[in-house]
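Here the structure is laid out as structure tokens; the discussion comes afterwards.
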Amino acid sequence: MGIKRIILLGSTGSIGTQTLDIVRENPDKFKVVALTCKNRIDSLIEQIQEFKPEAVCVGNKEAAAQVSAAFPAIEVNIGDNGLREIVKVDADIVLNALMGISGMAPTYEAILTGKDIALANKETLVAGGSLIMELASEKGIKILPVDSEHSAIFQCLEGNSGRKVRRILLTASGGPFRGYSLEQLEKVSLQEALHHPKWSMGRKITIDSATMMNKGLEVIEAKWLFDIEPDKIDVHVHPESIVHSMVEFDDTSIIAQLGLPDMRIPISLALGYPSRLHYSGKSLNMFTEGSTLHFEKPDTNVFECLSMAYEAIENGGSYPILLNGANEELVAMILDGKIDFLDIQRSLRRLMDEHKSVKPQTIEDILEIDKEARARAKELFK
């Protein structure tokens, strides 16, 4: 394998910084040619100094001026249009670690330019699954999952093509409120919601894990990635977060992927595919961390976001876009201290009940529906 040229979208976030850890471990295998960030310009400048990319994208003109002054030779792009442009830089793979719907359009553009995608941005497939997968198939592009669960499923399916899948067993940690009742959830604080028992992640995805919306979005994502109907995707709460997911085949054999909760492992697999890279991280000890494993059924009467995700993908049309966009807005509101924890699922239930579905034909259609969903979520709290 020659040196792979990488475009890294969202380089200063949790997935982005861990991706750069993998690049540091494998300087003979990877070259970072483009980096993007929205607000953490000081971190981006440090990354530019270390990795010397050809191009960057930042969130606004002030940040662009700051980067251009420090690195006059570098191409600097700005905003959402800049994200669409930067994926045109000559590269082998785009790792999309952006948070939210802003990650969808650059994924689409990157596929158009013939680049493989290492995908950590759930919203790309939740909102645009049909369009994205159709285009990827047409262009012969590989979409390699970076989510630990989807990476696990991907690995379980490797070497099993032609064998009929009976179901996917998607694991979930259960988040910080596993086992809570609705009455207990009434009293939880933002800080409690941000304290995940197993994974170190960004604030938005940590809230999504607490509501179990993250798992709901992963169900939708799995439907598109693996071309499987939602009724064949079962969520299993697994508090140890050692089994990252499983696949049951038609002969009742179940294949699982195990490992410590470390995002660098699926990142490494996506970047190195089809090879596996050496990784210096800690190995799973089956006599200690892996000695006892538990599995539970999720309580969808308490964590309604999970059941609403199934409902959205079964209804189809614009329901997943509504659910995703409104959820993003509501999570932003709880992070700003404007709403309480249970306001998220109660508001989503109301918006889902009121929604009149349409069928989007283009990326622009999806972005317009997303915009309307956010506006409707905001209106509930005026």
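Glycine is no exception: its Cβ is also placed from the backbone N, Cα and C atoms.
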Co-listed NADPH-binding residue [TrEMBL; alongside Thr12, Gly13, Ser14, Ile15, Asn121, Glu123] among Gly202, Gly216, Gly259: Gly202
1-deoxy-D-xylulose 5-phosphate binding, same site as Ser148, Glu149, Ser173, His196, Ser209, Asn214, Lys215, Glu218 - TrEMBL member from Lys122, Lys164, Lys232: Lys122
In the chain carrying Asn121 (NADPH binding site), residues 6 or more apart in sequence that have Cβ under 8 angstroms from it: Leu9, Gly10, Asn96, Ala97, Leu98, Met99, Gly100, Gly103, Met104, Thr107
Residue distribution over DSSP helix, strand and coil in the domain '1-deoxy-D-xylulose 5-phosphate reductoisomerase N-terminal' (6-129): 61 helix, 27 strand, 36 coil
Which of Gly13, Gly202, the listed binding-site residues, has fewest other Cβ atoms within 10 Å: Gly202
Inter-residue Cα distance where the pair is Asp147 (Mn(2+) binding site) and Thr12 (NADPH binding site), in Å: 17
Residues of the domain '1-deoxy-D-xylulose 5-phosphate reductoisomerase C-terminal' (143-226) by DSSP state, where helix covers H, G and I: 41 helix, 11 strand, 32 coil
Cα-to-Cα gap, Asp147 (Mn(2+) binding site) vs Lys122 (1-deoxy-D-xylulose 5-phosphate binding site), nearest whole Å: 8
